[in-house]
């Protein structure tokens, strides 16, 4: 099929990816300057017209579509990979450009290669049919709304077709990814983020109001637009032991403040008759106890005060909080004004609140007294509403409407409206860390713009008390103190790990921790930027907000790419009297202190570098060694090495090398290669080294299920009950190869879980899973370490348990009950791998067979191969014999591959057998089943001249083969008569249909044949009696209809044929008619292509009866 972006004249910016790879690869782009010219050559720099998943079919290449471009002097272009019409998840590519259009940095992943297409019945469904199937699934049974889309994920170097579901439940929002092959759940994420106008406002009925807020801890706070305006509140006292209400004033005289009309006072309501409604252009507040659809309203009293003593008494007596609605409305107004002020500073020329080329801020919708899925002690952002729980009466929490909590949840909204962060573990850490930072910055804004007697109260002074080094007192740098009953925070900034969960350094990152815990590194970096380098809180916050709002961030971002996004903002920052170089150095230093590297350097050398625990590895084998004159290696812990051609030493050991380095240290690795023409190129990487072992699991009720284990030729004996770690002597194993794990006895009914530490962080996490709670039958199971494993050291964990929940992942170490766990160090793709002959067989058409050599051997040793194919003494000594043509008569053939080292030190032979059928001399099928639903015959009618004889309902729809064979029911035609076959295609975009029907370049062909001699072949002489392939096609306007806002129509065509003579002795005879629809067929093949494969279209063979 021709690319429909050409057919439709679409103006998409598309990065075409090379098709010269054996599989689909994902290459990280950060700091890879040597790849820039490849990307630059392919990317068209032009204004973007938005591409969506509704765009038409774009062919079979993997392509990157420009999704958005933000900025003028500093531009961030966001691309996403698509295969055909559907996106590849987690494939974002971001190009940072200078004002002159040159590349400054690339981030994200470059996905490229040849796609092995997998059959998927659910991909062929229409969107409405798929939606109906998904709705019946138990996993979304209670969802109030669901949306589905088709996509792909990269898994083991293949694109797996998936269905992505967005599901909105009553109190949370989930994203589920299902296999499009069998609808099994691949991943499931809770998208709920837990916190734990130009005309005057008064002209539209907006006024200021106020009332009581606060809690037992904060005291009674009287939100007051002017002095002495909330007199009911300032006289209120719950009982003799409770404080009297104290006045809180707030003023921001910035002329651009969203509530400047009211001197920046944020408790703004809409007055309708005598009702005051907690609603304004930036904040609407609901009380979930009363109504989740109608905003809170009250009877306006003097100065629009919200005061009802009985309600306040009742609420305080139950929750020890005075009024969640008042508190939330005041705090949200303050927070939204704070965010708006800062966004306006970043984009001073922006006139509207939402722009594709600037910031976006929308009205904040919030619900108080909202119980989340986790209970009453949580606050959350669910993608639409900020939700605040009522707490539990001061036992642990007061109403979760404190200013820090409101700012945190509103900051999640700001992130959603402005950046493209996703659901990954790093994305969540960044999202939560930035929301915590926003909370501290909003509190700082509140502290310096507030006045009134409340600001002299002890709770206000406690909230902003600062005593560095004393984590029990340094409350200004606490998050969540104001809603907690105890004198404690939810999270710390000065040293995040004080809470017992958060991390202070990125080396401790693990996906088993929450985004709040991993976000500790951002809190710590922010704190150091302020306290060590002397930035103000507002200056430091502006840095983080700018990185967010300028849309440098993207889904799937790495932590070092996030560091780059922060550093990239420094040229736009003004910090006291600091020069630009010092500002950048401050940021780099603060980030480096928490393990985020920014000064890595741009790699101009195509080299693979990676870390396995305490071993740094590099691979230069892709380079032409004859052109290298010198190699300089800086391992990062003081060790340096050099190779020079002039020293007359062998270069081979320096092309692929590894080195054990100092543990628990940042390794600043670099390698420089100088070629014979004097050119020098370098590669850089930063690693945190660690011990070559994993964190031991916590065990309870140790059992001994197996006294020994064996796999891959390795035997491990005398295993005790409970946990065993064997790290000293790595066992050689190959990735992407099936191995059998043998036990010492029959373990039928027991469960086995197998993990591999893919990211070499010493922790066992969910993404390390190979097998999970697989029920054992007999004394063995199979497992495979997949393609994403890097060569070298890596720990394999094997857990044998009795029940489903006996092993579970916790903090990266794991917990095991009633079980036995073995951690064993592997050496993946080691030179010491035993030689194993192996190959895969892929049958092709016409008895052609493709052989793929998957043998395991030491790649550093010379090997010889001998293939025997089982017919005519045919052999091959090639490593990969590629495609072999077998006899067309078919049969059973014995195949073997012998592999041996050239020094005869080791050899192995594999035997296999293949059975092939007789070659079908006239195949009828589509070349690629994934294309079957694009363009097909949806209706066949039979005519004699203008008289309709039959409608063949069997022709409706399509199947993956693009072919069907059926009998025309109850149909008879007279011999030697004319029969016309009329077809209608499926609905396709009208513009596509019109281009296919262009007379000068007709892109559609319909042909019919009748197999007169019954030999199963359809030859030219048996075709229709016309000689014009472009004759009798039309677009049926009567059946056009709108689909997703675009007009779709059917193409119709007709061809006629003379029916053969039937003898009176036979009386009647059956014949097959072949009807073939094809898009853009080969030229000069009309009537000769009945047996040719086709890329887009369909064939129907239907049997008719011809009578005497």
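Cβ coordinates are placed from backbone N, Cα and C, and glycine is handled just like the others.
Remember, TrEMBL labels are computer predictions, not curated facts.
Of all Cβ atoms in the protein chains displayed, 26 besides its own lie within 10 Å of the Cβ of residue 516 (active site, proton donor). Residues or ranges marked as active site, proton donor in TrEMBL: 516.
According to TrEMBL, the domain 'Peptidase M4' annotation covers 269-416.
Summarising the annotation, TrEMBL assigns domain 'Peptidase M4 C-terminal' to 429-550. Per-residue confidence over the domain 'Peptidase M4 C-terminal' (429-550) averages out at a pLDDT of 93.
Look at TrEMBL and you will find 1-22 tagged as signal peptide.
Residue 516 (active site, proton donor) carries a helical DSSP state (H, G or I). Secondary structure of the domain 'Peptidase M4 C-terminal' (429-550) per DSSP (helix as H, G, I; strand as E, B; remaining residues coil): 73 helix, 7 strand, 42 coil. Residues of the domain 'Peptidase M4' (269-416) grouped by DSSP class, helix first, strand second and coil last, total 51 helix, 37 strand, 60 coil.
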